[in-house]
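Residues or ranges marked as GTP binding site in Swiss-Prot: 17, 18, 19, 20, 21, 22, 153, 154, 156, 194, 195, 196. Look at Swiss-Prot and you will find 17 tagged as Mg(2+) binding site, backed by similarity to another entry. Annotation source Swiss-Prot lists N,N,N-trimethylglycine at 2, citing similarity to another entry. Taken from Swiss-Prot, the feature N6-methyllysine covers 36 (among others), and the record attributes it to experimental evidence. Per Swiss-Prot, N6,N6,N6-trimethyllysine is recorded for 36, 79, 165 (among others). Annotation source Swiss-Prot lists N6,N6-dimethyllysine at 55, 165 (among others). Among the features that Swiss-Prot reports, phosphoserine is placed at 163 (among others), with the record citing similarity to another entry. Annotation comment: Swiss-Prot describes 179, 439 as N6-acetyllysine, evidence class a large-scale study or a structure entry. Annotation comment: Swiss-Prot describes 239 as phosphothreonine. Annotated 5-glutamyl glycerylphosphorylethanolamine per Swiss-Prot: 301 (among others), in sequence order, evidence recorded as similarity to another entry. If you look up Swiss-Prot, you'll see 14-21 marked as region 'G1', on the strength of sequence analysis. Per Swiss-Prot, region 'G2' is recorded for 70-74, and the stated evidence type is sequence analysis. Under the heading region 'G3', Swiss-Prot lists 91-94. What Swiss-Prot records for 153-156 is region 'G4', and it gives sequence analysis as the kind of evidence. The region 'Disordered' annotation in Swiss-Prot covers 444-463.
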């Protein structure tokens, strides 16, 4: 078998009709985890419904519908393989909660694939002021997705078909735009494709002999290729933050007969080991970890990305809850945040937002109302330069530095230190009205918290 391939997470972004579903469906279909039987079933259904032309998108729609109905579908359906990687599509927009998911990120994307449509008038609609192309690309960059691939899709519907001139025009415009956001176009592969016909998806297209391939230049090494699949192979694999102190936001806490209290969550940074003395914030409880397990198997250590359950001694289910954060009591233990300074971008709010606004913030697994206590400055959302001090109010499209105060005890961190605990979505009126990254956190000096007997024992034993 050889060594298992590295796992990479991608997020697919772009305007609503750019062909994201068809392109993604095509990759999953040709390289993915969908078995022949399922594909034949989908094809038959698509044909019966007169949707033969949508078969790739249809695959994705079926998966999406199942995902939205809450049927936990086999996640392998969202995976496909390249020569180097196992790639998981962690989200595709069009999904209602796409923006929220991207931020509270069940997992952080290693790379964003931006699909733009080359068809007459389509590209213009997508990149216009109110098109989603800009918003998605800006979001991806703000939330720390620093690698980008651009697929110029629907090359079969340019005038004339497969037009080199049209492709060059789009590359020029998208390059200028992503550069404004912060991406360096020299490091971004641009690939002309047809997600429907399959041009340049997996192998070079005979329809575009003028396309000599894409090239990227970067300090980690240059790369070149022709197809979209090859471009995915140039993604730089993430370095997992094992060297940082432990941060594990709790998703749930269970009481299991004969075992006791078992918090469950995903290790975001650092390493969790049995025997470790951990502190939970903001509740300020310190105790010993008895055992750690994943998929019902005991682990000697859990690493970033692992979803684990762990058994803690002398702590009741009433003491800790979803949204609490677990960390190593001896290495930068997590603490309650008294207040924090954030850079926020207002996405869609019908009115004006002024100081005193108290929406719900979704940050890691916490879901807590926070007050915009002070609007410190309005900034240019691309360059970050200050436009105005103490603005009276903010509206859609504005970016600002805001002082925020949690309405209930909460543990968050700065984005620079612990990215997954430093980005958040602002929810109001059942939608995401803003996104933010945390610049710095003023910690509450908690005084002495509760230290359980088992923690004292473990500390005495000098663990």
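Glycine is treated like the rest: Cβ placed from N, Cα and C.
Feature map: annotations from Swiss-Prot on the structure.
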residue: 79; record: N6,N6,N6-trimethyllysine; Cβ neighbours (10 Å): 17
residue: 153; record: GTP binding site; Cβ neighbours (10 Å): 30
residue: 156; record: GTP binding site; Cβ neighbours (10 Å): 18
residue: 163; record: phosphoserine; Cβ neighbours (10 Å): 18
residue: 165; record: N6,N6-dimethyllysine; Cβ neighbours (10 Å): 11
residue: 179; record: N6-acetyllysine; Cβ neighbours (10 Å): 14
residue: 195; record: GTP binding site; Cβ neighbours (10 Å): 28
residue: 239; record: phosphothreonine; Cβ neighbours (10 Å): 8
residue: 301; record: 5-glutamyl glycerylphosphorylethanolamine; Cβ neighbours (10 Å): 14
residue: 439; record: N6-acetyllysine; Cβ neighbours (10 Å): 15
Between the modified residues 163, 239, 439, which lies closest to residue 153 (GTP binding site), Cα to Cα? 163
Which of the three DSSP states, helix, strand or coil, fits residue 239 (phosphothreonine)? coil
The region 'G2' (70-74): mean pLDDT? 40
Take the C-alpha atoms of residue 195 (GTP binding site) and residue 79 (N6,N6,N6-trimethyllysine) and report the distance between them in angstrom, rounded. 17
Can you figure out which of 79, 165, 439 (the modified residues) comes closest in space to residue 301 (5-glutamyl glycerylphosphorylethanolamine), comparing Cα atoms? 79
According to DSSP, residue 301 (5-glutamyl glycerylphosphorylethanolamine) sits in coil
Work through the recorded positions one by one (79, 156, 165, 179) and name whichever has its CA nearest to the CA of residue 239 (phosphothreonine). 79
What does DSSP say about residue 156 (GTP binding site): helix, strand or coil? helix
Hey, how far is residue 439 (N6-acetyllysine) from residue 179 (N6-acetyllysine), Cα to Cα, in Å? 23
DSSP state at residue 163 (phosphoserine), helix/strand/coil: coil
Whole-number Å value for how far residue 165 (N6,N6-dimethyllysine) lies from residue 179 (N6-acetyllysine) (Cα to Cα): 21
